[in-house]
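S.K.: Here it is, the structure in full.
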Amino acid sequence: MRIPQHVAIIMDGNGRWAKKRGLPRIKGHQRGAEVLHNTVKWSLELGIKYLTAFSFSTENWKRPKEEVEFLMDLFVQMIDREMELLRRERVRVRILGRKEGLPEKVLKKWQEVEEKTKEFDRMTLIIAFNYGGRREILDAVEFILKDVSHGKKIELTEETFRQYLYLPDVPDPDLIIRTSGEMRLSNFLLWQSAYSELYFFKKLWPDFTKRDFLRAIESYSKRERRFGGLING
């Protein structure tokens, strides 16, 4: 089975999962964090080099204040809880997103986990937090304009533009998985997903299993990736 180098996941459906069970939405987020923990282990078993998890979008600030505060706390708790696994399995963590507007406890944990895991090289776990694809592109344009205004000469190509993205050295996702039955990217990795293969599950994220993950990987391994060209020239 051909294994993708980079898998990205839109972990959707936590709130609906909780609602269906008559539980507070935060219970869905807690269960979702457990499934992410499992997905990291499955990815390690398969030899996947990069795993990106869409955890908190720039649009999620519109949610109720109590839920947003819980998600901030959950980020900190999740990093603390996973440190043993990260060290043991040599998993590097990088955060993809904007620091503006985040509470100090989140910024501190962001810096801490990136620093503590920066030398690990078995797999890179990328947590998209306070992230929006359009905002990333706009930020890149602003950085380019700033450099030009300071006298830097820039030949604008796809590759030079890429250098202004949040994590320019991370390869584009080979496969993007989305749960919950929604069939859209929802402002996720808009630049990087140009040639990504997509796989959609009707299941809600807290119900996602290893069998589901393997099914998506198997589907990917059977696809022919043309990148706009032809397979045989």
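Heads up, the Cβ atoms here are built off N, Cα and C, so glycines get one too.
Marked as Mg(2+) binding site by Swiss-Prot on the basis of sequence analysis: ASP12, GLU197. Annotation source Swiss-Prot lists active site at ASP12. Look at Swiss-Prot and you will find 13-17, ARG25, HIS29, 57-59, TRP61, ARG63, ARG178, 184-186 tagged as substrate binding site. Annotated active site, proton acceptor per Swiss-Prot: ASN60, in sequence order.
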S.K.: Sorry to bug you, but what's the C-alpha spacing from ASN60 (active site, proton acceptor) to TRP17 (substrate binding site), rounded to the closest Å?
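M.R.: Cα-Cα distance, TRP17 (substrate binding site) to ASN60 (active site, proton acceptor): 17 Å.
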S.K.: So of all those recorded positions, HIS29, THR58, ASN60, TRP61, ARG178, which one's Cα sits nearest to ASP12 (Mg(2+) binding site)?
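M.R.: Checked the recorded positions HIS29, THR58, ASN60, TRP61, ARG178; minimum Cα distance to ASP12 (Mg(2+) binding site) goes to ARG178.
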S.K.: Per DSSP, to which secondary structure element type does ARG178 (substrate binding site) belong, with helix, strand and coil as the options?
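M.R.: Looking at the DSSP assignment, ARG178 (substrate binding site) belongs to a strand.
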S.K.: About how far apart, in whole Å, are the alpha carbons (Cα) of HIS29 (substrate binding site) and GLU197 (Mg(2+) binding site)?
M.R.: 26
S.K.: Between THR58 (substrate binding site) and GLU197 (Mg(2+) binding site), how far is it from one CA atom to the other, in Å?
M.R.: 24
S.K.: Give the sequence-ordered list of residues that share a chain with LEU185 (substrate binding site), lie 6 or more positions from it, and have CB atoms under 8 Å from its CB.
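M.R.: Result: ILE10, GLY133, ILE176, ARG178, SER193.
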